[in-house]
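Feature annotations, courtesy of Swiss-Prot:
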| type | residues | note |
| --- | --- | --- |
| BINDING | R17, E18, L19, K20, K117, R518, C519, W564, E608 | 5-methyltetrahydropteroyltri-L-glutamate binding site |
| BINDING | I434, G435, S436, E487, D602 | L-methionine binding site |
| BINDING | I434, G435, S436, E487, D602 | L-homocysteine binding site |
| BINDING | H644, C646, E668, C729 | Zn(2+) binding site |
| ACT_SITE | H697 | active site, proton donor |
Amino acid sequence: MTILNHTLGFPRVGLKRELKKAQESYWAGNSTQEELLNVGRELRARHWQQQQQAGVDLVPVGDFAWYDHVLTTSLLLGNVPERHQNADGSIDIDTLFRIGRGRAPTGKPAAAAEMTKWFNTNYHYMVPEFQQGQQFKLGWTQLLDEVDEALALGHKIKPVLLGPITYLWLGKVKGEQFDRLSLLNDILPVYQQVLAELAKRGIEWVQIDEPALVLELPQEWLDAYQPAYQALQGQVKLLLTTYFDSIGHNIDTIRALPVQGLHVDVVAGHDDLAVLHKNLPKEWLLSLGVINGRNVWRADLSSWFERLQPLVNSRPLWLGSSCSLLHSPIDLNEETRLDAEVKSWFAFALQKCAELALLTQALNAPNDAKLAELAAYSAPIRARRSSSRVHNAQVEQRLAAITSQDIERQLPYEARAETQRKRFNLPAWPTTTIGSFPQTTEIRGLRLDFKQGRLDGKNYRTGISEHIKQAIAEQERLGLDVLVHGEAERNDMVEYFGEHLDGFVFTQNGWVQSYGSRCVKPPVIIGDISRPEAITVEWAKYAQSLTEKPVKGMLTGPVTILCWSFPREDVSRETIAKQIALALRDEVEDLEKAGIGIIQIDEPALREGLPLRRADWQAYLQWAVDAFKLNAAVAQNDTQIHTHMCYCEFNDIMDSIAALDADVITIETSRSDMELLESFEDFAYPNEIGPGVYDIHSPNVPSVEWIEALLRKAAQRIPAERLWVNPDCGLKTRGWPETRQALANMVLAAQRLREEQI
């Protein structure tokens, strides 16, 4: 039996972020829809060809998305929120962008769809909205059009479709509450129609993604799989596809399904391959996700060969990426500045395709030459284990010396709050922002010129100082109470810290999609982490010298730096987080010495770091909270520690949020209409809270009345004396005109509420 290989998906954005540039040009009115569509066509054709040339047997089609693949699925099913619908019920690419960005068909603002993390990754999807009695129809034929495109280009393909149960699981009920699973029978006819269309095109296999099967699903959701897949069987072969964790706990449900194959993630999952093989119907195809789609490390192909060889010829077998390569940068060959040793440890999406091809060839026709090729390929990643670039004895000693006293503040919150009130004397409903201000073309140009050597250090610092001065002046003029320096010097909240810490390396083109047109370039953690010198102190001290009002020191927390980097795989995540915490603990101490009295330690990724299964949560939360406290607890009692979290659902982790013992927490709540505050109310959260009062991901400017209404809603749940007033998130991606207007409205809303209290 010949083994084939395939990928579950490929990065969409393009090596030079061509998709991002085309999207933003179109949104700004600088290019036509046809020009945008052409960029998409060119990228798809290039990516299919590149995968095929790298040795991929079946290229995925349907993994491309103009904004997000879950949103694409919503449109496929005709699921468009009423506020975004065209008058004639038609669906086009503008419908898709309106849902993602927040505009009505008239051009007036309409709330964007809620956005949240895709399982435990750094990718965001647009949350489908469901209403009772909703109608579904095949509304958007992007998948079929792209299948036609790929077939016309002569590719051997495997269409990709998000499965019906995972799709419903990922959504939220809007309006009157009901069980969204009850919509299953309404969406299945659309899936049947799509599969019938694919069958007409001669498609043999369809990858139907059901990553919800790695979760601990309620029994009624598990029970829904059998009738759902009964309804979908017969027209094409279905490869039931799971990723991000193991499936052993749901194996009884899975093996009874009328599908022809199963894909499992054997990188993130811990399923025993022999047990899996034994438990599955013998005629099923088993696709093994052996190449990590979520990290940048070269695979040890020799080890995989040894592990997989016993399965060869025992059943139909495919090899694949563990998950979509969406989460990987595209091409390591474009990296010209990486040190040769470090570069030899990496593999990006195209190299991962080549790894699949190499391993498949060796398993199909093992001989000495092939095995030697695998050994030569695997040698650098094996040599890394003993590299001096990886190990730092001093860091290891410091980690071993941590005691329980190192992670506790000196006084409890109530006593600290009193000393902080005396020190800062802030008004009721204090206003602040989350940290960053608009990153103008001028700011980005300044950083780029400095990075590429066109600008010397002195002139760079002068330029950044001017932007900080402007940010402070703007905030003074607006009447904000606690200021920030605006982060003009920072390219990215994680990359900036990584650049100043030992143990990290950076890529030139290692872009991955975060959401919509937003791309990030995660640092890579290659070894033990330490801080050679202060990182943020110079700019924080300068900003504070410009104003009598308190200026926040701004740090990215240890868990977020870990979650938003490509981590090492040779030590635990806990070890990495605590190494970062120790480095940033020194930064907190230095900020205090420089006179900074309010220090924000952002942990937007705390929740997304949760393991997918609850059974594993407690261990993670314990070390994640300890890492934050290790970072913060060095602060004096009159230093106010803030933290910021976004895209979070808090209900199930409130104990841990409270255990962080931050003096103030700011959270993203506007898109969920203050829903998140219910968790804090039910828990009787003891410290101060800044619920985000407007959505910075949308260009819409909130009215004073809108903000006031949200704050009143917040005050029904949290005592007003413990409420802060702030946007949802940093303002880096917004323009100055809308930022000024939105913040002016926010300050005015706070002032009105203060006046009511007098």
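Using N, Cα and C of the backbone, Cβ positions are placed for all residues, glycine too.
Within 10 Å of the residue listed as 'active site, proton donor', as judged by C-alpha distances, the binding-site residues found are C729; the full candidate list was R17, L19, E487, E668, C729. Within the same chain, the residues at least 6 positions away from C729 (Zn(2+) binding site) whose Cβ sits under 8 Å from its Cβ are I434, P604, H644, C646, E668, G692, I696, H697, listed in sequence order. When the Cα atoms are compared, D602 (L-methionine binding site) and E608 (5-methyltetrahydropteroyltri-L-glutamate binding site) turn out to be 14 Å apart. Long-range neighbours of G435 (L-methionine binding site) (same chain, six or more residues apart, CB within less than 8 Å of its CB): V484, E487, M493, K552, M554, Q600, D602, H644, G730. Cβ-based neighbour count (10 Å, all protein chains) for D602 (L-methionine binding site) stands at 25. Between the CA atoms of K117 (5-methyltetrahydropteroyltri-L-glutamate binding site) and S436 (L-methionine binding site) there is a gap of 21 Å.
With all protein chains in the displayed structure included, the most crowded Cβ environment within 10 Å among the binding-site residues R17, K117 is that of K117. Rounded to a whole number, the C-alpha distance linking S436 (L-methionine binding site) with L19 (5-methyltetrahydropteroyltri-L-glutamate binding site) is 25 angstrom. For L19 (5-methyltetrahydropteroyltri-L-glutamate binding site), the same-chain residues lying six or more positions away in sequence with a CB closer than 8 A to its CB are R12, V13, V39, G40, L43, S517.
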